[in-house]
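What TrEMBL says about this one:
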type: DOMAIN; residues: A:33-385; note: domain 'Cation/H+ exchanger transmembrane'
type: TRANSMEM; residues: A:15-38; note: transmembrane segment
type: TRANSMEM; residues: A:50-68; note: transmembrane segment
type: TRANSMEM; residues: A:74-93; note: transmembrane segment
type: TRANSMEM; residues: A:105-124; note: transmembrane segment
type: TRANSMEM; residues: A:136-155; note: transmembrane segment
type: TRANSMEM; residues: A:167-185; note: transmembrane segment
type: TRANSMEM; residues: A:205-226; note: transmembrane segment
type: TRANSMEM; residues: A:238-269; note: transmembrane segment
type: TRANSMEM; residues: A:289-322; note: transmembrane segment
type: TRANSMEM; residues: A:343-362; note: transmembrane segment
type: TRANSMEM; residues: A:374-398; note: transmembrane segment
Amino acid sequence: MVDELNQALSFLGAAFSWAGPDALVGTSLVLIAGALIGEVVFRRLGLPRIVGYSLVGMFVGAAGYGVASGDISGTVRLVVDLALALLLFELGARVQLRWLRTNPFLLVTSLAEAILTFVVVYLVMRYLGLDMSSSAAVAVLAVPASPAVIARVASEFGAEGQVTERVTMMAALNTLYGVFASRLLQAWLDLDTGQNPVQAIVHPLYVFVGSFFIAGLLGIAVARVARRLDLRNENSVLLLLGLVTLALALTKAFGLSTLMMPLMAGLWLRNSTERPWVWPRHFGTAGGVLVLMLFVIVGTSWSFSALATGGMIALAAMAARAAAKSAAVLTLGWFSGQSLRQSIGVSLALTPLSATALVMYSDLQGSHAGFAAQLSPIALSSIAVMELLGALAVLAALRSAHEIAARRV
Amino acid sequence: MTLEAFAASKPLTLGVELELGIVNTHDYDLSPSAVDLLRLMNKRKIPGDVKPEMTDSMIELSTGVCHSHADALSQLTEIRGALVDCARKLNVGLCGGGTHPFQDWSERRIFNTPRFHMLSELYGYLSKQFTIFGQHVHVGCPSADDALVLLHGMSRFIPHFIAMSASSPYVQGTDTGFHSARLNSVFAFPLSGRAPFVTTWDDFGTFFAKMTRTGVVKSMKDFYWDIRPKPEFGTIEVRVLDTPLTIEKAAALAAYIQCVASWLSKQKPFELAEDDYLVYTFNRFQACRFGPDGTFVDPKTGEHRTLREDILFTMGEIEQHAIDLNADTAMRYLRSELQRFGNDATWARQTQAQEHLLAEVVRQQCLRWSGELVV
């Protein structure tokens, strides 16, 4: 009986290397600690619950049970993929591409912000002595702002307004650019190491088109369900959850992008019809558990040794990234109708870097293990450094823009 | 504080004010975007004005002085164009309708001005529940006494205006059964309802002085009456209409009020009497609850008929005035509206019956407001 229970809950327990009946104990402790500390942090300090989850993760990481090697595989990867899929799908479903047509300066700002981030981080990394491909890899990882942190903090605090909307849009776009760029980077590494050049070009194309195809299927399926059922009903949400996980399974089976697929599915759903789709945030309790585990896992990605080797470079990379993003948003924001205060808010809210970067790094590790290993201290330290700061920056941005719901201020 | 002097204005000129909801384009709930919208509107040149309202998901637009239905419609079209343009830049929607069908009043934030904060302190949660959207129509009067006479004459038609403009069947996600649930929120305010029966400006001044002495009232702004005199504009202000879903309807309703005012002031078809108010609240309730199908009790004869019948009868009476004021297209429009949907509340109910999603109803309201959806 205990074994069966363990098996059923192994997707949670496997986040940590405890085996046997201890897995259940460990997972339960993490859940309890995460929920408790998350609540304390939220009520006493008025900070997002994910700060509490991350703190628990950092503690678990310090105890040596984390993913500090950057190797997230098996069930841990499954939890990360599932949680991210839900968050990215939700994020995509909030982004209206028509807005880019009516306000083209948003697209200009977004492209400028992503390109400038890449260039500045690349140059700083080169200046600090990294080789070309490593600098490019760090720069690519720095492009996306974490949709997970942004989506979670915004919904937890009921944030609404221009900063929230614009950051949502920017995060969705720069995640797409980032994932695409990381595929190009892998192709470049393949070419560099003398692999078949056709494959190096065909593969990213396959990933892009394939992910888009499955995203479309998921979008159509959800739209069909939503036309007949009320998505605010708990049972319909379960159906929705099932569809997202099935699509994710297909994505993994075909070796496609687990980041791109859910994001594009959400985008497809929002932009293929004007009808509003409304479902409970994070798909109710099941999604809530996954989100908690996601932030705990990301929180465990640090280690003292990695910080000692790559900490300073990581700090430099993150500082360069923040400067680049702010510079683009502050200069171009005005043209898209942003006030100065809002531009500051948007640039601040674009700083988090977390699960998306971790998954991108992990994919890189899957295809180019040796190369990724060199990067590991910098990449993982960056993720660790930004884990807490990111959530706090988003909250500060939303607070200063007065976008937090009246009863949650 | 003494009552200010009644300014001179050209008789039967019009001014239209419309309160609008700002919604997001994700789930079409209210969006706190008034500040952003007003900032962008500041750069636009429009006739009239756009101002903040009580909570930061609302704005109020107003035309300048209009002389005819066509004038009002063209000013509204121009302001609407600029507003919709700015709203698109912010990815928010604008909609009419007396209430937002499913917004949660507790989520609202008071717009940051001293007056709104003072009102919020005084009225508590009522001020947040006051996130409702009305159309106000000003009619120019030659003198203060004429204004009061017109005000009391016009009171008989308050149920007409309510029934035709009603567009607020839903509150907090629920069908209230009312055509205009908005007015129930207005009724909670202590100084709402009808104005006292005085027909000269001197008597009104006496009443005002008594009220200010009690300390309850400081200015005319503190009265939330269905119709109130507006001395600084030289007008009376009809305040019972829900914001319609289109500017065409808003302009037509203003024209209807203008024609009724012309008929009342030129032909004086009724003798004014305090006793006319005996049925006032009953008629008003019937209009709010049942729209054009509500019962109308004739204050003079005590006869019962439906509001629809009384409205059509009045339209016959004012026909010549409508022709003289170039408002006959507006009257035709209102007649056909009365036959097709009755009012926007019925349209909203029909749309909800089809879509089963209030967010979709609001989305279509936004399309109707911007002129992209003509039903």
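Cβ coordinates come from backbone N, Cα and C, glycine included.
Predicted automatically and left uncurated, TrEMBL annotations should be read as such.
What you are looking at is a predicted structure, and each value in this text was computed from that prediction instead of being measured.
Under the criterion of 3 or more C-beta pairs below 8 Å, with sequence separation of 6 or more, the transmembrane segment (A:289-322) and the transmembrane segment (A:238-269) do not qualify as touching, having fewer than 3 such pairs. By number of Cβ pairs under 8 Å, the transmembrane segment (A:105-124) is matched best by A:136-155 from the list A:74-93, A:136-155, A:205-226, A:238-269, A:343-362.
Note on the transmembrane segment (A:205-226): residues 89, 180, 183, 236, 239-240, 243-244, 247, 250-251, 254-257, 260-269, 272-273, 277 of its chain, located 6 or more positions outside it, place their CB under 8 angstroms from a CB of the stretch.
The stretches the transmembrane segment (A:374-398) and the transmembrane segment (A:74-93) do not meet in space: the count of Cβ pairs below 8 angstroms, excluding pairs fewer than 6 apart in sequence, stays at fewer than three. Counting Cβ pairs under 8 Å to the transmembrane segment (A:167-185), the top-ranked stretch among A:74-93, A:136-155, A:343-362 is A:136-155. Same-chain residues lying 6+ beyond the ends of the transmembrane segment (A:74-93) with a Cβ under 8 Å from its Cβ atoms: 10-12, 14-15, 67, 147-148, 150-152, 168, 171-172, 175, 218, 241, 244-245, 247-248, 252, 258-259, 261-270, 277, 281-283, 287, 290-291, 293-294, 297-298, 355-356, 358-359, 362.
Counting same-chain residues at least six beyond the ends of the transmembrane segment (A:238-269), those with a Cβ under 8 angstroms from any Cβ of the stretch are 81-82, 84-86, 88-95, 97, 147, 172, 175-176, 179-180, 183, 206-208, 210-212, 214-219, 221-223, 225, 229, 231, 277, 279, 283, 286-287, 356, 359-360, 363.
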